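Here is the structure we will look at.
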Amino acid sequence: MSVEGYESRIIDGKALARQIEDEVKSELEALESGRGITPGLATILVGDDPASRMYVRIKHRACERVGIRAEDHILPAETSQEELISLIDSLNKNRDVHAILLQLPLPKHLSPQEAMEAIAPEKDADGFHPYNMGKLMIGDEGLVPCTPHGIIRALEEYNVPVKGKNVVVVGHSNVVGKPMAAMFLNRNATISVCHVFTDDLKRYTLGADILVVAAGVKHLIKADMIKEEAVIFDVGITQEKDGVYGDVDFENVIKKASLITPVPGGVGPVTVAMLMKHVLKCAEKNF
Ligand SMILES: Nc1nc2c(c(=O)[nH]1)N[C@@H](CN(C=O)c1ccc(C(=O)N[C@@H](CCC(=O)O)C(=O)O)cc1)CN2
C-alpha cells in the first residue's frame, strides 16, 4: 500500500481498538472487585464458514485480553431452527452468561431474524434484537450494533463534527447500513442511504462530508466519486488469494479524503473492541 505522505489521514483502527480495550479492562476490574462479577460472553457459530470462524476467533482473543469469560458454541451446518433456539433459550437462563453473540451469516435454511428475537434483549451484545433496534430508532441508544457504534466512536476520537453534515451510507443491511443511518440521524446529520438498486451512486457519494461504505464490493468507491476532504469509513472486506480488500480504492481515495479507514486495520478491530464494551454493559446491567 503506497500512502507515503498521507499517513496522517489514516484512522488507525488497531490503536483505537487498543484504547477501547484498555477502558474495558479497567472498568471490568472495578466490576470484579466491587461486585464480584466477571462478565461472560457466549458466542454461537453455526456451520464452518472460514471467515465466520476467524471472526469468532478474533472475538475470543479480545475477550481473553480484557478478561471476559468467553464460551464457544459451535453447531453443525445442518442444525435446525429449533435446536438453535433451544441453545439460545438455555443461554438466556444461564446467569454466568451476560451476553450472547450469534455470528452471522447463518446457513440459508435458518432464520436470523427469529434467532435474534430469541436472544434476551438485555443479553443482546450485537444490538440486533428488534427491541434494541426499535430503541435505537427512537433515539434511545442502549445496545446498538457494534460496527456503527465503532464508527461513531472513531468520529468522536478524531473530532469530526456530525451535526448538520451530509452523510452517505452505502449498503442497507441490518448489521451496518440501517443502524448506521439511525445513529447519524440521532446526531442530526442529513442522511442518504444508497444500496444495490441506487441509480447513479456517484451523484450521492460526491455530496458526502462523511461516507460509510458497507457494500461488500471490492473498490466500489473511486477517487472521482468523493468530495475533497471527505471522511471515509470502509466496512467492506473482500478476501482474495493475494490479500484483503475494502470497498474503497484506498490508495487513490486517500489523496482526496481528510480521514479514511484502511482495510485491514480500520473498522474491523474497532467493531470487536465495541463488542467488548457491550459485553461489559450487559454484565453491569444484569445484576
Ligand atoms: N453477529 C455478528 N455477525 C457479523 C458482524 C457482527 O458485528 N456481528 N459483523 C461482520 C463480521 N465481523 C464481526 O463479526 C468482523 C469483520 C471483520 C473483522 C476484522 O477485524 N477484520 C480485520 C481483517 C481480517 C481479515 O484479514 O479478513 C480488519 O478489518 O482488520 C472483525 C469482525 C459480519 N458478521
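Cβ from N, Cα, C; glycine included.
Features reported for this protein in TrEMBL:
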| type | residues | note |
| --- | --- | --- |
| BINDING | Gly171, His172, Ser173, Ile237 | NADP(+) binding site |
| DOMAIN | 11-126 | domain 'Tetrahydrofolate dehydrogenase/cyclohydrolase catalytic' |
| DOMAIN | 145-286 | domain 'Tetrahydrofolate dehydrogenase/cyclohydrolase NAD(P)-binding' |
Number of other Cβ atoms within 10 Å of the Cβ of His172 (NADP(+) binding site) across all protein chains: 18
Filtered binding-site residues, from Gly171, His172, Ser173, Ile237, whose Cβ is under 6 Å from an atom of ligand 1: Ile237
Other C-beta atoms that fall within 10 angstroms of the C-beta of Ser173 (NADP(+) binding site): 17
Cβ neighbour count within 10 Å of Gly171 (NADP(+) binding site): 24
Structural state of Ile237 (NADP(+) binding site), classified by DSSP into three states: coil
Three-state composition of the domain 'Tetrahydrofolate dehydrogenase/cyclohydrolase NAD(P)-binding' (145-286), taking helix and strand from DSSP: 54 helix, 28 strand, 60 coil
